[in-house]
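S.K.: Below is a structure I'd like to ask you about.
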Amino acid sequence: MLASLLSIRATREVKTTSYFQGIISFGFKENATYSVNVSTNATKLIVGWMSKSEWKNATAMRINTSANNFVENYNLSKIYQIQSFDNTNPYLLLAGNISVKDAYYLYVFAFDDKYNFVKIEYNLTNPNGLLDFRYENLLITAPVMAAISGILLAFWLINWLRNFNVQIYIHYVFTAVFILTFANNVAYVISVARNNVSETNIFPFIILFFSHAFKEIIFSFAIVLAASGWCILVDSIKIYELIICIVLSSAYIGAKLVQEYCNFEGVARIITDVIFFISLSAYSIKLIIYTQQASLMIWAHMIAIRNAGIDPTTTPVQKKHAMYISFEIALIVYTISILVKFCVVEFGPVGWLNTFVDQALDQVISFMLAWIFRIRDRENNGYSAIEESMEHVDDMQLSEIEAATNNEADLHNGIEWRPGMQLPGRPNIITQPSQQQITLESPDGEQNLTATNITSENTTV
């Protein structure tokens, strides 16, 4: 998607045994210019441009079409050249102007059925700039997206400064996310503007790629960390859980970047799509597991508070409950946005819309996360450092939690919580009973009494 911005001037090498080979597509305006230089080991070659409709017809028939039939049977745009190659004439130059605005496809067609090597250098220019006209709207949308992400970052940092006495680790992670999002959007503005006026564009593209990759990895990592309850329900995270978060986030984003930046076709495209969905499924499953565990922990804590005679809906734990309900909605929107992006990339029109949809959906998710995880005053921020719990921690059956979730009205019993009141600790959740047999012998050893001791296994959440 983003790599297509580099197509105004480039060198391509094609190794193929097929007759027909597409090279690139480019959106020409009226009076646009093109220059294509070709060298090859083929004895005879057709090089030319097809309009969008011609391309659809030609690709549908290309397997069963020879070069001679291709010339005779297709009413092409006439922007092509046929040339024989030998040691005295190894090059072909195709240059001229475009008279009709359209998306054109550069192609080569070999007459001989053998292994052909084709080297193509091309230089493409529109009248008012170097961009493919299908991407020109990015000159407007990219700065708008950068400005919106800048406003979000300013909101986040101002809110942080207003509550600077509250320092929470996951807040640093989200701060990095918003900074990287803004930096990536600015890099995109610079890259698009540079591509429109200069043919030397590889360095801005490299900066854009790495800022995009780093932003995406940190973004997905922050979401899975928040889903695990780190700094919201628990103050620490196990090393292996942290490694799992990093691996799943990197695998999913790696597959996503390959899909976006590499224009694979055929079997290679199918393989990359399969890898993408496998990594996305693993990432999504981990998010679901984490959010379910977090929900159980919150409910268990609220039940323990109710059992202590305090109305849990008046406590800071209720803030956690509300925060996670909002976060679950954000996760649903996040998942839908991933699927929408995939559909737009796979089935949407080539051009600016792909990037705009990607950036716009990222902004929606970012604003939701910024609002949910913004720092408030210490008594109302919803993070884990808001209350001091009693040292004693009870066990609680999973069945008791499930019953409470079906009758939330019972949670409103008890006295109103006030700042400074100590809350009971979050109980350990008992998920499965296990049985252990105990055998008692009589003093003379002749009679045995067997009993079953039912113990419980605690969750590790």
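Glycine is treated like the rest: Cβ placed from N, Cα and C.
The feature transmembrane segment is assigned by TrEMBL to 138-158, 170-190, 202-227, 239-258, 270-289, 322-340.
Have a look at these and tell me how they're positioned relative to everything else.
M.R.: Sequence-distant contacts of the transmembrane segment (138-158) (same chain, six or more residues past either end, CB-CB distance under 8 Å): 131, 174-175, 178-179, 181-182, 185-186, 188-189, 192-193, 196, 352, 355-356, 359-360, 363, 366-367, 370, 374.
Within its own chain, the transmembrane segment (170-190) has Cβ neighbours under 8 Å at 138, 142-143, 145-146, 149-150, 152-153, 156-157, 160, 204, 207-208, 211-212, 214-215, 218-219, 221-222, 225-226, 230-232, 355, 359, 362, 366, 369-370, 373, 375, 383, counting only residues six or more beyond its boundaries.
Within its own chain, the transmembrane segment (270-289) has Cβ neighbours under 8 Å at 220, 223-224, 227, 244-245, 248-249, 251-252, 254-256, 258-259, 262, 264, 331, 335, 338, 342, 346, counting only residues six or more beyond its boundaries.
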S.K.: Looking only at residues six or more beyond either end of the transmembrane segment (322-340), which have a C-beta under 8 A from one in the stretch?
M.R.: 223, 226-227, 232, 280, 284, 287, 291, 294-295, 298, 357, 361-362, 364-365, 368-369, 371-373, 382
S.K.: Give residue numbers and ranges for long-range contacts of the transmembrane segment (239-258): same chain, 6 or more residues beyond its ends, CB-CB under 8 A.
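M.R.: Result: 212-213, 216-217, 220-221, 224-225, 228, 272, 275-276, 278-280, 282-283, 286.
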